[in-house]
Amino acid sequence: MRIDIITVLPEMIEGFFNCSIMKRAQDKGLAEIHIHNLRDYTEDKYRRVDDYPFGGFAGMVMKIEPIERCINTLKAERDYDEVIFTTPDGEQFDQKMANSLSLSGNLIILCGHFKGIDYRIREHLITKEISIGDYVLTGGELAAAVMADAIVRIIPGVISDEQSALSDSFQDNLLAAPVYTRPAEYKGWKVPEILLSGHEAKIKEWELQQSLERTRRLRPDLLED
């Protein structure tokens with residue numbers, strides 16, 4: 001998989017992709033992450049990527065020309081499954097979407113900034129608009145990092161223990177069951193006896209019951225689908 005991220009602040013996320021699971025995925029050749037500075041696609045001496053909006057609205061708007069140049073340059077080199085724009089008013093990102101996008105070959109993620117992008121880009125070049133939550137961030141860079149992490153980590157081979165990834169919260173619209181490690185007792189706080197029993201079937205049953213209970217209590221909306 002290849003993910004191309006277009007941003008006005010590459011330094012904001014470069015470090016994120018050089019550690020932990022994201023670095024491991026790239027080292028294994030299972031994912032490529034390329035970060036593109038939008039200012040490299042400007043043609044004026046000030047390298048401007050924003051301008052005042054028509055209509056006298058507040059804020060600044062990302063200019064159409066550098067975005068179009070960058071996207072078209074990338075698309076001339078290879079085909080892309082999706083051209084994604086990070087925006088608070090997009091479709092809500094969730095595990096189901098991450099699973100689907102992980103099957104893609106190539107993705108472009110355009111990070112929103114300022115008041116937004118010239119809407120013509122959204123009309124003519126963007127294929128999917130995604131939000132990671134009902135709140136506003138300084139820019140779409142953090143959203144792009146969140147999405148890339150959720151997508152890449154479930155590519156087969158990225159995580160050595162694939163069963164661990166499959167049992168994470170939200171994979172079955174359920175929250176994960178509680179987990180424990182040694183010592184079995186600490187200051188009177190005990191690990192549930194069932195987990196020490198070695199009885200695999202009963203442990204699986206306990207895990208499902210705990211997942212259901214936690215989901216009903218903390219995220220009942222997940223059980224409504």
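Backbone N, Cα and C atoms are what each Cβ position is placed from, and that goes for glycine too.
What Swiss-Prot records for this protein:
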| type | residues | note |
| --- | --- | --- |
| BINDING | Gly112, Ile132, Gly133, Asp134, Tyr135, Val136, Leu137 | S-adenosyl-L-methionine binding site |
Neighbour count (Cβ, 10 Å) for Tyr135 (S-adenosyl-L-methionine binding site): 7
Checking the spread of the S-adenosyl-L-methionine site as listed (Gly112, Ile132, Gly133, Asp134, Tyr135, Val136, Leu137): what is the longest Cα-Cα distance, in whole Å? 15
List the residues in the vicinity of the S-adenosyl-L-methionine site, defined as same-chain residues other than Gly112, Ile132, Gly133, Asp134, Tyr135, Val136, Leu137 with C-beta within 8 angstroms of the site's C-beta centre. Pro88, Ser131, Ala143
Residue among the binding-site residues Gly112, Gly133 whose Cβ has the most other Cβ atoms within 10 Å: Gly112
Might you list, by sequence position, any residue in that chain lying six or more from Leu137 (S-adenosyl-L-methionine binding site) with a Cβ less than 8 Å away from its Cβ? Ala143
Which is it, of Ile132, Val136: the one of these binding-site residues whose Cβ has the most other Cβ atoms within 10 Å? Ile132
Cβ neighbours within the same chain of Asp134 (S-adenosyl-L-methionine binding site) - under 8 Å, at least six residues apart: Pro88
Tell me whether Asp134 (S-adenosyl-L-methionine binding site) sits in a helix, a strand or coil according to DSSP. coil
